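Everything below concerns the one structure shown next.
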Amino acid sequence: MREIVHVQGGQCGNQIGAKFWEVISDEHGIDPTGTYCGDSDLQLERINVFYNEATGGRFVPRAILMDLEPGTMDSVRAGPFGQLFRPDNFVFGQTGAGNNWAKGHYTEGAELIDSVLDVVRKEAEGCDCLQGFQITHSLGGGTGSGMGTLLISKVREEYPDRIMETFSVFPSPKVSDTVVEPYNATLSVHQLVENADEVQVIDNEALYDICFRTLKLTTPTYGDLNHLVSAAMSGVTCCLRFPGQLNSDLRKLAVNLVPFPRLHFFLIGFAPLTSRGSQQYRALSVPELTQQMFDAKNMMCASDPRHGRYLTASAMFRGRMSTKEVDEQMLNVQNKNSSYFVEWIPNNMKSSVCDIPPKGLKMSVTFVGNSTAIQEMFKRVSDQFTAMFRRKAFLHWYTGEGMDEMEFTEAESNMNDLVSEYQQYQDATAEEEGEFDEEEGEMGAEEGA
């Protein structure tokens, strides 16, 4: 019931995804061979959200792994939980996308996409009542960004009424893996704005900061970063997988967090932050969790929520706690920091409580916020994009794959529109209602024309 089909694409997506399955399997008591060895019935009660039960009582993830080169797949297969996945669900090419969005979206990726869609259909048909899809990918490379967005648009066509949730790793401000990241990211955002329902924005620099500052790790690896991401991913879906006093699911999340259809890019945070080795020895209280969760240092993307205002936010608590206390703390945060919440959406915090905490913690909270501060991130990518595009640098790699410069211009203006939409709602007050309606009317007329 309420199944989620998970797709991971490209190197980044596959590495985050592999980590995610380690975390989820641990929570449900599934060992690397797919056998259940847990100690509580609750682990099995709704295990079919993420797993199929195969013959012999083995549990197989509803996961599809795709990439345009075999390298990452091989390392996932050789990894600790590599034997867990269904072998048919590894779909890969041989050529690689070479960090080129056009290769992932139009040429190499387009050749492979049909075999991916076949596997997606097969997984979707095995579901009782499909809730939606979750996709892990990065926006800086070629496969995760180009082929990832191609898959999203194809799945969108075929399953228009299912929720499409992505965990997208954006290029970081200071750490860059690829020179053409701004191009790839802008072209991807152009697609995500139209075809995704909720995008959880992650970036490596913020994750590094968390590792250095909060976890005091001297040399964080990608494994540590991905561990943080998967903690948040597991928190977003915990209400589907375990019983709770106040449930939420992907659709409720979307309904509560997306006030305007294009503004569905979320900041995510997690508390309490612990490094992989040292589990915390003291249990945090609900007020401490709430305080840590709203802390800018806890956000997994390099946008400071204090530079904008929250349109909406959602907190998913896990563990044994009183819902009354949760509600009080949420109100408390809103009252004390009312300037950081838009006043024209009253009660814009949603909370849910799930009784089962993650492994090794007494209680935890996952935070998902829709803040106008995220425009900083888009602005930054957009500036880098414009700097290169003005000189048409690196463009031949994209036009050589059959892309048109027009598409770049469109993606650029779509990104800039997104930034100004966020800005418009950040500046809006409750009094200006009338002016808004007129503007909306004019905009509507233009769109109609």
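The backbone N, Cα and C atoms fix where each Cβ goes, glycine too.
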* Given that Swiss-Prot lists Gln11, Glu69, Ser138, Gly142, Thr143, Gly144, Asn226 as binding GTP, which residue among Asn204, Asn247, Asn256 does it place in the same site? -> Asn204
* **Sparsest-packed among the binding-site residues, when each Cβ's other Cβ atoms within 10 Å are tallied, from Gln11, Ser138** => Gln11
* To do: Within 10 Å of each Cβ, count the other Cβ atoms and name the one among the binding-site residues Thr143, Asn204 with the highest count.
  => Thr143
* Structure fact -> The correct three-state DSSP answer for Gln11 (GTP binding site) is helix
